[in-house]
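Quick look at what TrEMBL lists:
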type	residues	note
ACT_SITE	D131	active site, charge relay system
ACT_SITE	H195	active site, charge relay system
ACT_SITE	S528	active site, charge relay system
DOMAIN	24-102	domain 'Inhibitor I9'
DOMAIN	123-582	domain 'Peptidase S8/S53'
DOMAIN	640-740	domain 'Subtilisin-like protease fibronectin type-III'
SIGNAL	1-19	signal peptide
Amino acid sequence: MASLLLCFLLLATASLYSAGETKKYIVYLGDQPHPSFDAVGHHHRLLSEILGSHEAARESIFHSYTLSMNAFAARLTDEEAGRVAQLDGVVSVFPSRPRRLHTTRAWDFVGFPVSAPRNLTESNVIVAILDSGIDPTSESFDDKGYGPPPANWRGRCAFSGKLRCNNKVIGARWFRLDRKVPANDVLGPEDHKGHGTHVASTAAGIAVPGAGVFGMAVGTARGGVPSARIASYKICYADDICNDEDILAAFDAAIADGVDVINLSLGEDPGKSFTDTLAVGAYHAMRRRVLTVSSAGNQGPMHRTVVNYSPWMLTVGASSIDRQFGTDLVLGNGKRVTGVSVNTFESSGKFRPLVLGFEAANTGMSFLGQMCGPGSLNPEMVKGAIVLCKITGGAGVADSVVKEAGGEGLVVQMTMPVDRAEAFKIPSTTISKDDGVIVDDYIKNSGGKPVARIEKSHAFTPNGTFVASFSSRGPNPLYSEILKVRMLSTGLGGSRMNILAAYPTYLPFTNDPTDPRRSRFQLMSGTSMATPHVTAAAAYVKSFHPKWSPATIRSALMTTAGAIVSPNSTRNKDLEYAYGAGLINPSRAVDPGLVYDADEGSYLRFLCTKHPNTTAVSILTGTRSFDCRPFARAEGYDGLNYPSFHYVVPESTRPSKAFFRRIVKNVGDGPAVYKASVESPKGVDIVVKPERLQFAQPGQKMVFVLEVSVAPVLGRPPYIVSGSLTWSDGVHSVRSPVAIHYT
């Protein structure tokens with residue numbers, strides 16, 4: 001069976017390599033048999049059966065996973081990998097793939113101020129950041145007032161030279177198993193991308209008053225759990241690449257080191273497997289009661305673009321907050337068009353020529369020039385001017401192209417929603433298609449000499465809360481009955497925007513090495529930035545309830561999340577596919593009342609029901625031929641004890657119904673009586689049985705069934721409608737979204 005999985009995995013990459021060329025493979029053998037097991041020696045002996053000698057095996061293997069799992073990474077040909085997959089004891093063999101990063105005021109926005117009640121044990125919580133490293137010299141990581149690391153910490157610090165860990169950043173490790181790094185990075189834990197430092201301080205940085213970016217967003221920057229400890233695991237480098245074998249090594253180390261929560265702000269294109277490296281690593285973490293919080297991806301607004309959708313991971317999308325950065329484009333006729341960007345350049349007040357990219361293009365390159373593509377602009381026409389580029393997606397390299405051609409400013413007109421506030425190498429702003437019409441009209445009526453100037457950015461309050469356009473949407477690409485994304489955090493835009501956090505001062509403000517600007521803090525955005533907010537919320541709950549399982553913490557966060565209700569109905573048309581359970585509320589999550597728990601057995605029952613005795617189940621369990629027969633068939637439509645409900649209507653022209661079985665546990669202080677209330681969208685009937693749950697004591701579990709009945713619908717395209725179930729005892733409100741998808 002392992003060879004069957006290998007064949008499928010090879011199809012995606014075989015065309016890129018010649019038959020005899022080696023590439024990196026991960027050979028997965030399951031769990032460590034026992035603490036004294038000689039895993040490295042076993043790996044060499046195993047591979048020597050295929051390669052012919054121990055020496056050849058040692059040369060091929062470049063890493064052995066020996067801490068929390070049993071696996072090794074080796075350079076093999078496709079033929080060798082196929083033969084290894086047939087060996088006794090080998091669960092699976094899969095090629096290593098590259099992943100990419102999903103590139104303060106936010107805490108107040110979600111009702112989690114610095115004055116929120118704190119547990120003294122918050123300093124015992126260890127947050128693992130699997131990212132691009134960390135700059136331990138940032139003031140966000142000052143350890144003044146901290147005691148020694150928690151007693152359960154077993155990690156280490158791999159900084160060299162003058163850099164050191166402290167009692168705040170208690171661990172720093174790096175993984176680049178092939179030892180190939182770009183010229184502007186190093187084989188060490190230090191951050192040469194800036195992403196990891198930003199993420200770490202968003203999750204657990206201490207409060208730093210007077211933080212800001214060139215006079216903007218000035219205030220106190222802090223993480224969600226400022227007393228928690230940070231362990232950094234560098235797996236991504238300045239080339240934006242995060243290799244599978246390095247990610248798995250970081251999971252292996254973090255679990256063994258004793259971390260409590262893992263932040264994973266990265267992923268890859270949406271796929272159809274829950275047995276990739278990230279899912280396997282997160283599964284091993286779940287087994288050790290460690291929650292993995294991951295980003296949904298930046299492939300929105302299309303459906304089924306969510307990544308990291310395995311049910312044992314908590315997947316996070318991005319929403320707006322109550323702050324955006326506007327950058328005015330002042331036209332020669334006095335009209336102002338407010339775009340979106342992080343423009344730190346002061347305006348001289350001088351107007352400059354305004355030219356259209358396609359009109360300033362080199363001969364034969366008008367189409368590429370319209371988008372300001374590489375090499376498309378004529379320096380003689382662009383020098384000293386502001387260039388208007390019309391682009392479907394993001395700005396890309398337009399600022400570099402305009403700068404290289406001698407331009408002094410950039411206006412990016414987008415056809416997609418403008419909610420990405422990016423920092424550029426020259427004065428720039430991003431405007432909507434509607435505002436582009438205003439600019440075009442001015443140019444047409446300017447007498448052939450249009451001029452404009454770009455002002456420095458200013459903060460403003462957007463109209464309501466909405467899901468970022470880039471934030472990947474559900475449903476789950478593999479199991480449509482599972483609702484993904486699970487919840488939202490704050491973090492808007494695909495690059496840099498309004499999440500203020502620490503940034504290495506040795507890096508340029510943009511990715512341009514010639515950029516002289518430096519800043520102690522940076523404004524970034526994306527689901528990468530949303531994820532550490534939920535990671536911090538999970539760590540906060542963990543500090544009050546250290547024995548709670550990952551699923552219990554996930555449930556507490558989801559059932560206390562705030563529903564997305566705002567004037568931006570057109571921006572939130574994807575409903576739960578975009579925002580899941582809603583916007584996090586960490587303070588409420590500490591006392592959720594009821595929880596929906598799940599353990600490894602729950603996931604195995606689900607997987608065995610969907611894929612009995614398949615290779616996929618074997619991969620996760622670490623058993624070559626896993627036997628599903630002892631596991632009872634999962635009950636209900638989705639077969640999982642989730643805090644959400646999602647029904648995909650099989651035939652919209654006929655009436656249909658689905659049953660969901662759930663178990664809730666009373667985590668309150670004493671006996672309680674909960675009553676159910678439902679909100680049913682038009683054409684849908686939602687019934688709960690029983691409608692009343694009476695708990696005699698804390699820890700008691702009770703079962704209920706939710707029935708969704710759908711009336712037939714004619715002549716409508718695919719769409720979704722939204723309802724909810726809320727259990728209330730007069731003190732707690734335990735809300736679960738109910739999404740119905742008409743196909």
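The backbone N, Cα and C atoms fix where each Cβ goes, glycine too.
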Next item on the list: Around the Cβ of D131 (active site, charge relay system), how many other Cβ atoms lie within 10 Å? Please give the count over every shown protein chain.
Entry: 29
Item checked: S528 (active site, charge relay system): tally of other CB atoms within 10 A of its CB -> 31
Notebook entry, point to check: Which residue counts does DSSP give the domain 'Subtilisin-like protease fibronectin type-III' (640-740) for helix, strand and coil?
Noted result: 0 helix, 62 strand, 39 coil
Check: For the domain 'Inhibitor I9' (24-102), what is the mean per-residue pLDDT, to the nearest integer?
Finding: 90
Checklist line | Helix, strand and coil counts within the domain 'Inhibitor I9' (24-102) (DSSP) | finding: 27 helix, 24 strand, 28 coil
Check: How long is the line from the C-alpha of D131 (active site, charge relay system) to the C-alpha of H195 (active site, charge relay system), rounded to the nearest angstrom?
Finding: 7
